Amino acid sequence: MNITESKELKLGNVLRRLMSYARPYRIGFIVALLLLSARLVMDVGIAAVQQVFIDTINSSNMDALTRITVICAIVCVIIIFCLMLQHYFRFVIQSRMAWDIRGKLFGKSNRLPFQQVQSMHSGDLTSRNNQDAGIAIGMINSIVYDLGYNLLLCFISFLYLAKTDVWLALLALGSGPLVFLSGRFFDRRLRKLSTEIYAKEAELRGILQETLQGMAVVRAFSLEEILLDKYALEREKLRRMQLRRSLLNGLLWQSSAFINNIIMITCAALIALSALKGGTTAGGVLAFIILMGRVQWPFVHMSQTWGSVQEALGASDRVFAILDSPDEGNDHASPKPGVLPVISDEVAALQIQNVHYSYSSNKSNESPLFTGINVHIQHGETIAVVGPSGSGKTTLIRLCCGLYEPSAGSISVYGKSIFDQLEEARAMITYVPQSPYLFSGTIRDNIAYSSSTATDEEIEQAARLAGAEEFISKLPNGYDTLLGEHGSTLSGGQRQRIAIARAFLRNAPLLLLDEATSALDNESERMVQESLDLLMKDRTTLVIAHRLSTVREASRIIVLDQGAIVEEGTHDSLLERNGLYAQLYNIQFNASEQEGNPVDELTATFPA
Amino acid sequence: MNKSMNAQAEPTKKSRAISNTFMRLLKLGKPYFGWYLILCILAAIVSLAAVGIAESLRRIINAATNKDLSSLISGAIIAIVIITVEASANFLKTYLSGVLEFKSTSKLQVSVLSRLLNVQMKDLDRYHSGDLISRINDSATAAQQGINQKTIDLFSNLMQITFLLTYLLSLQYALTLGMLLICSLVPLVMLPFSSRLRSMHEQRQHIETTQQMFIQDTVQGAEVVRTFSLAPKLQQQFTGRVMKYLKIHLPVSRLEAVAYNMPLAVILGGLLYVLSYGGYLVIHGRLDVGAVAAFLVCFEQIANPVSKLANLWTELQGSLAQGKRLFEVLDLQKEGVRRDSNGKDLHLGTSTNTNQAVSGLYPISFNNVGFGYGNDQVLTNVNLTIQPGKVTALAGPSGSGKSTLLQLILSSYEPNEGTIHSGNLLLNSIPHRSWRSNLAYVSQESYLFSGTLYENIAWGRPDATTEDIIAAAQSAGIHEFIMTTPHQYETFIGERGLTLSGGERQRLSIARAFVRKPKLLLLDEPTAALDSHNEEIIGQALQELMHDRTTVVVAHRLSTIRNADHIYYMEAGSIVEEGTHLELMDLKGKYYTMVETTLNNDDKTTAVMEEVQ
């Protein structure tokens with residue numbers, strides 16, 4: 001949960017880290033910076049050129065005027081061309097850097113501990129990637145280009161100005177920081193407010209996402225108005241915050257500008273006074289006034305840019321909060337292809353040793369689910385897990401996949417520890433969850449996701465084995481049919497078969513199965529069951545079983561109750577024992593028999 | 001997609017579409033006309049102040065050349081007063097434009113969402129939720145801000161130009177006119193690129209949205225992503241999309257680099273013009289040096305508005321592209337509004353009729369109903385009657401259209417052919433809200449909202465009391481579980497209730513249906529994933545719930561089907577058999593085969609298993 005409350009990082013630290021994203025583009029970055037000197041030439045040059053012009057005009061030399069005009073025109077064309085190039089480089093690099101950090105964030109969000117992802121709203125995580133990352137990168141650019149440039153401009157203008165009148169130049173320069181510092185009063189507030197605004201925007205995204213994805217329920221229960229009100233209410237809160245921010249910004253900008261204008265007029269009056277006493281020419285006065293502006297305005301711009309830097313810091317805090325949170329497991333080297341561990345009878349297919357686990361990380365208010373659970377599965381075994389709802393069956397399987405991290409104990413798959421060799425261990429596992437998750441994209445992609453090298457034949461073979469070939473071939477574009485969000489265009493059974501095809505293609509030795517076939521109609525259930533049987537063949541299987549036939553076929557049954565293994569054995573031995581298993585079994589089948597019907601075994605369900 | 005393609009194919013259509021988008025963009029700005037006016041006046045004050053500053057600077061410089069101290073002092077005083085006015089006007093302008101921006105965008109966003117909540121499900125299905133979110137978050141904001149900004153720009157720039165022109169024309173007309181020409185001609189060079197720019201903006205936004213959808217999908221599928229080690233592959237896809245984005249972003253950046261530097265080109269060109277031609281005039285004694293200085297100071301003030309005006313259309317392209325995306329969703333057909341006008345009896349439903357229709361006392365009948373998603377025909381020629389107070393079961397293989405039929409009763413979709421009546425009223429003529437207020441729908445996969453457990457049950461009936469909620473939870477067999485959670489009914493459940501087990505989610509969604517006390521119950525058989533104990537409780541509770549209520553259940557389990565009063569057996573979108581369980585068994589048709597194969601098949605498995613043992 002600590003991730004949702006991102007802590008404020010030191011500015012220097014943030015900048016250094018953001019700058020590291022510029023490294024791959026350093027050449028372009030430097031070119032863009034160098035091209036910026038064209039702007040410097042222009043900004044400083046204009047004043048100088050104007051002075052030259054005015055003095056030329058005053059000396060009434062027509063030839064000199066023409067000559068200067070031509071030279072200046074050529075220089076202008078060059079400058080504008082340079083600036084166009086600069087703009088291009090700057091924004092192309094900025095967008096590349098933004099995509100880099102977004103890519104990194106994307107990769108990171110795929111490596112975050114699953115539990116952490118579950119505790120965050122997906123809308124929040126998505127919003128950090130879509131919005132905050134871009135804002136953070138925008139900041140680094142505005143610091144380097146705008147702040148840096150303005151600082152340089154101040155310095156050069158000062159030198160130029162000092163040539164005319166050292167004391168006035170010092171006055172102008174000295175008052176500049178005053179302008180800048182007067183704006184710093186707002187920094188902390190801006191940063192805090194901005195963090196709140198980005199968090200609120202993420203929350204709004206979450207609301208939108210839930211409303212739009214649950215549209216069927218929203219309609220059926222007529223929740224339209226309530227949800228709209230909820231959104232409008234939160235949006236209104238956001239609006240108020242934005243307004244506060246714009247008030248702060250308005251104060252920041254105008255106070256800087258106002259102080260600056262006052263100083264400028266004072267200086268102008270002073271130099272005019274000195275001209276009055278015959279110190280400078282009229283052209284000199286004009287150039288001075290314009291140059292004054294050049295020294296002063298950068299400070300105003302800096303003050304304002306600094307304000308937006310504070311805003312962007314809020315966003316970068318949110319980005320780095322994700323990037324800084326620990327990865328799951330200890331190792332992220334992808335498994336080397338082909339180097340699979342030796343599968344022998346000596347090495348346990350799945351070994352769970354003395355595992356403790358509790359849902360909430362703070363152990364205060366909730367009793368732990370598992371306190372020292374042990375499971376040992378040999379290669380080739382089929383183990384069924386049975387138990388009442390909430391007994392921890394799904395959690396057990398998620399622990400095996402390394403989705404959750406136990407607070408104590410160890411889990412290994414074919415000798416590979418889940419913690420130290422997470423990716424290698426996962427390469428040995430195929431997990432088929434209860435409700436299949438499909439991505440938007442084609443059916444082919446959805447099956448092939450599990451293998452990077454699958455050929456079309458292999459994909460079709462997997463679909464055939466999963467019993468999905470028939471309905472796929474009936475679709476208008478076959479394997480290239482585009483699926484809706486989460487595969488919404490397919491029926492439940494079809495989605496499940498695609499998930500099974502995925503498992504076939506993956507071809508890993510250990511199968512973890514969260515059985516859900518009972519939500520299907522009989523016909524497709526039979527098909528799904530056949531393909532699941534095929535899938536389980538030659539594989540080690542740990543299955544959360546709801547169906548009698550699965551349980552009977554299992555080489556061993558584990559009965560879970562409130563996080564503890566209360567019984568273990570085969571179907572018959574457990575029935576003889578007349579414990580919880582027998583109880584679960586009897587409730588189901590006595591109920592069926594009372595109806596006076598033959599035992600409807602296929603649809604008989606065991607606990608979820 | 002189709003629309004835009006057609007539009008591109010035919011130039012006349014295209015230009016009409018643009019002007020249409022443009023007109024509608026203008027309409028978005030209409031309610032805020034008063035605001036624009038105030039902001040323009042403020043802008044006018046700011047630009048008047050600019051003239052004032054220029055004039056006072058001219059006085060200061062002339063005072064310096066003429067060595068006149070008193071006019072120097074008066075010039076300085078005027079300048080300070082003007083600066084104060086300018087600062088306060090500028091502050092007001094910044095603040096008020098912020099107020100306007102946030103007010104108008106938040107209003108637009110809420111209205112887009114409200115529209116999306118009321119459009120037909122069929123249309124909505126075509127969009128990824130990530131796409132819709134991007135339209136609300138990005139497109140609505142960009143479109144509204146575009147029109148706000150550009151309208152204000154237009155008027156305030158026009159005003160600024162007027163003021164400055166009167167001032168400058170009074171100084172020297174030839175100099176002024178030449179300046180004006182330079183200011184407006186240079187940006188006009190960009191005009192031919194504007195349409196290309198817009199289509200590129202559109203493409204770029206499209207890719208950006210696709211990327212957002214992709215990120216959302218990946219984040220939500222965290223479980224699969226991890227267990228199948230999909231991360232490297234997804235990362236690759238991410239990079240691939242970025243490449244595609246950059247492919248469009250690069251030319252856009254090139255064009256923008258040129259466009260954004262146009263005002264600068266104008267300023268430099270104009271300055272040169274003023275200095276050289278102004279100098280020429282001074283040398284020939286037709287102008288004083290102070291006037292040239294004033295021109296120089298005024299120059300940026302006038303060059304900016306003029307070049308901005310000339311560049312307005314180019315800059316509007318991004319907003320137009322976003323506006324198009326926005327209007328596309330705003331144009332989706334609302335529910336309950338039928339396009340064809342041939343059915344005169346469509347809107348006959350008076351409130352009393354409606355009340356009768358939704359009272360659950362009338363049968364619901366389908367007459368030759370046909371329905372399909374796009375080219376995919378799902379239901380053909382369906383005729384059935386749902387008797388009030390009875391349990392009607394829909395059975396049949398996967399993909400036979402059972403769930404879709406349920407959706408039609410929900411009036412989430414409207415049939416393409418045929419009619420659905422409740423009593424003698426057309427279902428379409430009954431307001432959706434009142435129709436749905438009497439029914440509860442329990443979907444196959446339970447969808448929960450993040451919030452407390454209490455809230456999730458209360459979604460069923462917003463005015464339910466705490467007692468109602470607890471009673472419903474008890475009936476659904478979830479009360480005991482709730483009491484074991486840390487904060488009981490106030491326990492917060494994560495996104496879509498994913499922190500709960502499947503069974504718990506399902507029981508919560510049943511409690512939600514209970515609390516609604518519906519007249520018509522639509523079940524997409526949910527009991528399957530429950531454990532036996534709870535199933536028994538819920539079986540009884542559902543029996544109670546079904547009592548005296550009309551129930552339509554998509555049944556997968558033989559026991560449910562057998563207990564129904566009437567069974568419709570469906571195959572490939574049509575009803576092939578109907579009757580009670582016994583009647584259908586006697587018929588020895590497809591239903592019989594289904595039942596037999598199910599039982600036989602299971603017997604076989606059992607037999608095989610026993611042999612093995």
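From the backbone N, Cα and C atoms, a Cβ is placed for every residue, glycine too.
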May I ask you to indicate which of A:260-278, A:279-297 is given in TrEMBL as transmembrane segment? A:279-297
Is it true that the transmembrane segment (A:25-48) and the transmembrane segment (A:166-186) have 3 or more CB pairs under 8 Å, sequence gap of 6 or more? no
Near the transmembrane segment (A:166-186), which residues from the same chain, at least 6 beyond its ends, have a CB less than 8 A from one of its CBs? 154, 158, 248, 251-252, 255-256, 259-260, 263, 267, 270-271, 288, 292, 295-296, 298-300, 302-304, 306-307, 310
Sequence-remote contacts (6 or more beyond its ends) of the transmembrane segment (A:68-89), Cβ cut-off under 8 Å? 28-29, 31-32, 35-36, 38-39, 41-42, 45, 49, 52-53, 56
For the domain 'ABC transporter' (A:350-587), mean pLDDT (0 to 100): 78
